[in-house]
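First comes the structure, then the notes that go with it.
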Amino acid sequence: MDTDLYDEFGNYIGPELDSDEDDDELGRETKDLDEVDEDEDDDDVGDHDEDHPGMEVVLHEDKKYYPTAEEVYGPEVETIVQEEDTQPLTEPIIKPVKTKKFTLMEQTLPVTVYEMDSLADLMDNSELIRNVTLCGHLHHGKTCFVDCLIEQTHPEIRKRYDQDLCYTDILFTEQERGVGIKSTPVTVVLPDTKGKSYLFNIMDTPGHVNFSDEVTAGLRISDGVVLFIDAAEGVMLNTERLIKHAVQERLAVTVCINKIDRLILELKLPPTDAYYKLRHIVDEVNGLISMYSTDENLILSPLLGNVCFSSSQYSICFTLGSFAKIYADTFGDINYQEFAKRLWGDIYFNPKTRKFTKKAPTSSSQRSFVEFILEPLYKILAQVVGDVDTSLPRTLDELGIHLTKEELKLNIRPLLRLVCKKFFGEFTGFVDMCVQHIPSPKVGAKPKIEHTYTGGVDSDLGEAMSDCDPDGPLMCHTTKMYSTDDGVQFHAFGRVLSGTIHAGQPVKVLGENYTLEDEEDSQICTVGRLWISVARYHIEVNRVPAGNWVLIEGVDQPIVKTATITEPRGNEEAQIFRPLKFNTTSVIKIAVEPVNPSELPKMLDGLRKVNKSYPSLTTKVEESGEHVILGTGELYLDCVMHDLRKMYSEIDIKVADPVVTFCETVVETSSLKCFAETPNKKNKITMIAEPLEKGLAEDIENEVVQITWNRKKLGEFFQTKYDWDLLAARSIWAFGPDATGPNILVDDTLPSEVDKALLGSVKDSIVQGFQWGTREGPLCDELIRNVKFKILDAVVAQEPLHRGGGQIIPTARRVVYSAFLMATPRLMEPYYFVEVQAPADCVSAVYTVLARRRGHVTQDAPIPGSPLYTIKAFIPAIDSFGFETDLRTHTQGQAFSLSVFHHWQIVPGDPLDKSIVIRPLEPQPAPHLAREFMIKTRRRKGLSEDVSISKFFDDPMLLELAKQDVVLNYPM
């Protein structure tokens, strides 16, 4: 190689070289040309190239800037070119990472006035624990009260929130709607008046009557309730229902009369009238308790310390004792406990003798409560609201309250809150009330176990739970499921009743259908992490002893609603805790389906999740294949659908118009004895149906009477209360369709006519057929209600082979249907009880709106000490859709209503009257309603339009009907 031809960098610097290139043009010539022509062309092109290098014309389409796909990837790789973008513009090319977040949670543990170690230490001492549910009517101040407790224990929280805290409204939907939807547990350490600390497990519950199932879940794991009542509104619809519910759950009841500032600042009542108003509320609550409770000692009074007064908005809370303590601290040398006993009722202070008397010393004397509590309170509020600049600093100095100049410049509300906070201090009165009147988990365990545990209280397990023994066998009752921040998984929330639950521990989860005989509904799981829940943050712990509330990870998969968690081995006799018994019924029904049918599995998964999330929600599949959701009201189902669409399935879902569930009943006794033969013609059952006595169905549903009682006790109940004869009362076989179902099956056969031993051998099969029949009535596949079925005769085959369940069960069901159809069947619809609050000038508009929806008013009275009226009414549930919106429109938004299921009522008209023609898109007159409801319900369920009796009557039975010349409206 000649080095002179290249420079030091290796670049060629020698003379120009001749072009040596092989001609590429050959490939472009057509194959038809002969070789000679090709050679000539080659020579020409070669000459041209040599003569004019770089001057050839290359067409645009022949230019080549990049290698082809085949050259890059090789001939084996198929390449596809798409000239149109198939991805929609709405979808990003690179999707961002999505983080789902549906709850407001703290990122780090906030600063508290107590150490977390001291909270953990208190968990081991069950006598210093109180498990309390705060409940009350809508907007009576429960959440705001918890905010005050959070503020008291978390000094830095209020600095980060300018608006109302609403610390327990952790869902974004709750914040947006301004109403509580879920029960939220909060665990805090609070001091009493003497400075002793207690661990409070507080459940803040929704006040809306639709969400009373959340209250039920909270009550089950509590030992007592604090009932919140708005001082201005008094006892409302939900207040009354909650008193009844708490008494039925055998819980200690205390009352907090909240928003007392409204009496002063809003209603502007004089102090004496304010006292009368407060006393009226206490008397009303006591009247309701005496109505529902058998315990005559259960009385509420400020003198007993189980009533406290508060204003959450202005950080006021006191009992008579805590207010008396303020006097003792200010003036000294006062026995505040004795002083407190003289601060309620018709007791007066005589300033001359300096003694308390029951008689007013002068005509202008005020009661002690007015003089020592209300008047100072009025003065403080009036000073702050009225004269801030001149006399307020002097008044505050007298009270020992010192404010900075910046604080004195605050707006009225924050200033009033600050002054009251400094004057009243911490909420020690509330703590005193709960400590004295709500039992600790150790004291409250025995009545709790007796009421909720299905097993024996006398067993070793029962005794361990009654003693709240942290070293005993593990028993934990979960009543709520809380979804994680992203809505993917659930954590179970419950109370440890005995033993200690550890993180990472293997446990056995028993479902609601678990029994010792049938252990199918149980599963072994491993506990994940454990937390103590404080609304927006969780404190992780490695163990939780008996008496405490706990949030458990890793056991959610087998749990649907409630569960019992126990040890996997050595606890074989463990039985379950009773499923929750709700104080309302789900009667509103909506059908759902995905917009895109291929997304059905996602919707089903979402339905399973909402079913876990809402305690009283029911989801089921009709025979027509449609998926149905049952809820308590419109707001409830609206929240369910929001969660289903946005949180759990993330798909578009179509919803049908809401409808209601119906019931089927009879109004007369069967016109003739109805019988049915088994398919093998070797057995025959004869029955009649008749209506139950009024009130009996409700007694069965409320468990006033139970089928598990012995025959003697059962007989006595029916004899004394419902005037049954002894033979019939002792011959009750079953309630249907379940143990608390509102129908009764009675064996009315005579030993002289029927072989009782043979009949007894098929009793279980007949009961099963009866329960199947009452679960799905013949009119429109709805529950049968209020019907007594009597077995009058039975022919039973001698050989066991010929009287098996396969023969007897469907036959018993058919005879139940035929007896039912012969007893003048009717439809029943659910009725709502409606409570409307409205100013006096809007009352007539409320009457008008109700009348248009088949509703009627039962009571219309002014609320004492306020400008509002309360209107109580009934309205059919099927006509209640949109009622609230309609009412607001007619009253310019001044009326506020709440409605809740109350009772079942017979729909006017005969559902089987074929002479009625249902005209489409026309409202039907009242006598046609039953027929319309039945036909439309059957159509929706995919059933034939009319009831076909050939299904339910055998040929011999039809012959019998012909002989009796019974005219039937039913199609054959």
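Glycine is no exception: its Cβ is also placed from the backbone N, Cα and C atoms.
Some features that Swiss-Prot has for this protein:
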type	residues	note
BINDING	136-143, 204-208, 258-261	GTP binding site
CROSSLNK	Lys64	SUMO1 cross-link
CROSSLNK	Lys64	SUMO2 cross-link
DOMAIN	127-409	domain 'tr-type G'
MOD_RES	Ser19	phosphoserine
REGION	1-53	region 'Disordered'
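All features noted in Swiss-Prot, drawn onto the structure.
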{"residue": "Lys64", "record": "SUMO1 cross-link", "contacts (Cβ under 8 Å, 6+ apart)": "none"}
{"residue": "Gly136", "record": "GTP binding site", "contacts (Cβ under 8 Å, 6+ apart)": "Lys142, Gly207, Leu227, Phe228, Ile229, Asp230, Asn238, Thr239, Leu242, Asn258"}
{"residue": "His139", "record": "GTP binding site", "contacts (Cβ under 8 Å, 6+ apart)": "Gly207, Asp230"}
{"residue": "Thr205", "record": "GTP binding site", "contacts (Cβ under 8 Å, 6+ apart)": "Thr133, Leu134, Cys135, Lys142, Gly180, Ser183, Phe211, Glu214, Val215, Gly218"}
{"residue": "His208", "record": "GTP binding site", "contacts (Cβ under 8 Å, 6+ apart)": "Leu138, Val179, Gly180, Asn238, Leu635, Leu898"}
{"residue": "Ile260", "record": "GTP binding site", "contacts (Cβ under 8 Å, 6+ apart)": "Ala231, Ala274, Leu278, Phe309, Ser310, Ser311, Ile316, Leu377"}
Could you tally the C-beta atoms, other than its own, that fall within 10 angstroms of the C-beta of Lys142 (GTP binding site)?
28
Note the mean pLDDT of the domain 'tr-type G' (127-409), expressed as a whole number.
91
For Ile260 (GTP binding site), what is the secondary structure by DSSP, using just helix, strand and coil?
coil
